[in-house]
Amino acid sequence: MGNKVVTFTEQQLDDYQDCTFFTRKEILRVHKRFRELRPDLVPRQMTEGQSSVKVPCECIEKMPELRENPFRRRICEAFSRDGQGNLSFEDFLDALSVFSEQAPRDIKVFYAFKIYDFDQDGFIGHDDLMSCLTTMTKNDMSPEEHQQIADKVIEEADVDGDGKLSILEFEHVILRAPDFLSTFHIRI
């Protein structure tokens, strides 16, 4: 008999499996990825309250799957319980679960909305769109071009005329994008 390290209790694995779109094997793979980010910080064994250990956003942003994503910081912030982008294992597991192929479209839409809602007021307003455009294009477009695009998005997607997008209005727009599901995805 070997000295096998037990990463999680059976109950923890059951609980994680119940609240994610992952199998037990995938949950263990996610933990391995999480631990690789900061092996000095994340314990090998997570059975006794170690799930509160947080990996700083700066480390998570360096993951190959996020490194080139202009929204990497917002992704971390949207999934972190502290709102600063620092992720516990459970936050990290939630994020990768939402970005998995198995996650349903409505969950992906909810988190996409949360990522684009920069001011976290429950709507995507003009300022949120300007922040999205700046994040995506950096300095490739002028402020006037950003303004025109933001105005056009509001004009076309704002069904109730309140000058901002609700989650339902956002969902209506995003579901017309044929590549949304394939791009809102991270493979572990």
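Using the three backbone atoms N, Cα and C, a Cβ is placed for every residue, glycine included.
The domain 'EF-hand' annotation in TrEMBL covers 67-102 (among others). Beyond the ends of the domain 'EF-hand' (67-102), by six or more residues, the same chain brings 16, 20-22, 26-27, 30-31, 33-34, 42, 46, 50-57, 60-61, 108, 111, 114-116, 118, 135-136, 138, 184-188 to within a C-beta distance below 8 angstroms of the stretch.
Packing against the domain 'EF-hand' (104-139) from elsewhere in the chain are residues 70-71, 74-75, 78-79, 98, 146-147, 149-151, 153-154, 163-167, 170-171, 174-175, 180-181, 184: each is 6 or more residues past its ends and has a CB under 8 Å from a CB in it. Residues or ranges marked as domain 'EF-hand' in TrEMBL: 104-139 (among others).
Per TrEMBL, the feature domain 'EF-hand' maps to 145-180 (among others). Look at the domain 'EF-hand' (145-180): DSSP puts its residues at 22 helix, 1 strand, 13 coil.
Counting residue by residue with DSSP, the domain 'EF-hand' (67-102) contains 19 helix, 2 strand, 15 coil. In this model, the domain 'EF-hand' (145-180) carries an average pLDDT of 94.
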